[in-house]
């Protein structure tokens, strides 16, 4: 906040000495500091040699003189220093026009601008640079800016102010006259009535009664006009009633003026009230519009949030669909893999099939060996023939043999399944199996060739004579000849 104090240009400055001016402010010289003698000397030559700062290019040329007459005063205590103190302090240098305090009041230090009436007082003021003002040394320098002054009064503005003042004076007079009016008005009316009746009686006595009856209205008007003239003459002669009547007229005029003014005031107040009501209505409409805008903004925000939620749900649904598609693809790939595996299994015979073939081949070999053993021992057949009555029928024997073969085949199948479900064996064991199978194949071929020779003898033995008890024991126990290696023993070893 800045404050402007007018100097010599606006208010009269007392012509007291600088010491008395400072003492009137209540500021001691010891607190302000010693004033250098060079500053008080009017014939200073050295101070005029201080160079002035260059001005900016955009400075108004009409303010150059003001800038040259202005001084910057800094390092002022914002709590104790006032514009009046600065004004009184710099009056000892020269005539001061304006003093403006500047800077923030809340800060500990402030600064000010002092404009002198004469440019010659500027170098004197510069001599105070470093002088103690209160508890701080002053910093004085040339100013780069002019003091911003209030606008000067134009003749039109002055005339408006005079009119307003005169209106106020007239209103005051009207109020005073209205207060005095009821007493003076009654007395004036009584005196006026008496004077009028006296003049009328004189005029009536001079004129005749019969002539009044015959006269026309026009003549009566002319007489009344003459009467008014005579009345004016009488009023001029008598000074006191004339003055009273003029006062009453002025009062009446003042009343009419006051009434007209009151009417004007009422109309103005009504107009102002209407304008205020319109402004209030506009403000209400604006507030409503603002509330509507806020509601629209809120609705827009809600719509955006809903759209975001919908988008999130759509993204989730898309992700779910993608997951489902992936699962379907995985299922399809699994199905295709299973189909391929099944096709491969259908192309390659299963191990159980090979095991069944092996079991069948082993049963065939056993049959062949039995037929060979029966052909080699013909003596036993004779004993069998003798004891045919005790042995059972050949049909029952064939059934028992079939059951035994089935049981053996079933056992061999179980063993092979157990082998297949167990851990896979090394490649060396598989090679060993293949070698064993290769070694057994020529034996099988030899036995097959012998089988064709022994079929005839076997058929004859089955028809002619039953088997011996030794053969029954061999079949029941499943033993093989000691000379040849049985496939069942090989399978057990494997």
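All residue numbers here begin at 1 and follow the chain in the order shown.
Using the three backbone atoms N, Cα and C, a Cβ is placed for every residue, glycine included.
Annotated in Swiss-Prot:
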type	residues	note
COMPBIAS	183-192	compositional bias 'Basic and acidic residues'
COMPBIAS	193-262	compositional bias 'Basic residues'
COMPBIAS	263-340	compositional bias 'Basic and acidic residues'
COMPBIAS	357-373	compositional bias 'Basic residues'
COMPBIAS	404-474	compositional bias 'Basic and acidic residues'
COMPBIAS	476-486	compositional bias 'Polar residues'
CROSSLNK	490	SUMO2 cross-link
DOMAIN	69-145	domain 'RRM'
MOD_RES	174	phosphoserine
MOD_RES	187	phosphoserine
MOD_RES	348	phosphothreonine
REGION	176-494	region 'Disordered'
The compositional bias 'Basic and acidic residues' (263-340): DSSP-derived helix, strand, coil residue counts:
78 helix, 0 strand, 0 coil
Average pLDDT across the domain 'RRM' (69-145)?
91
Tally of helix, strand and coil residues over the domain 'RRM' (69-145) according to DSSP?
14 helix, 31 strand, 32 coil
Count the Cβ atoms, other than its own, that fall within 10 Å of the Cβ of residue 174 (phosphoserine), considering every protein chain shown.
20
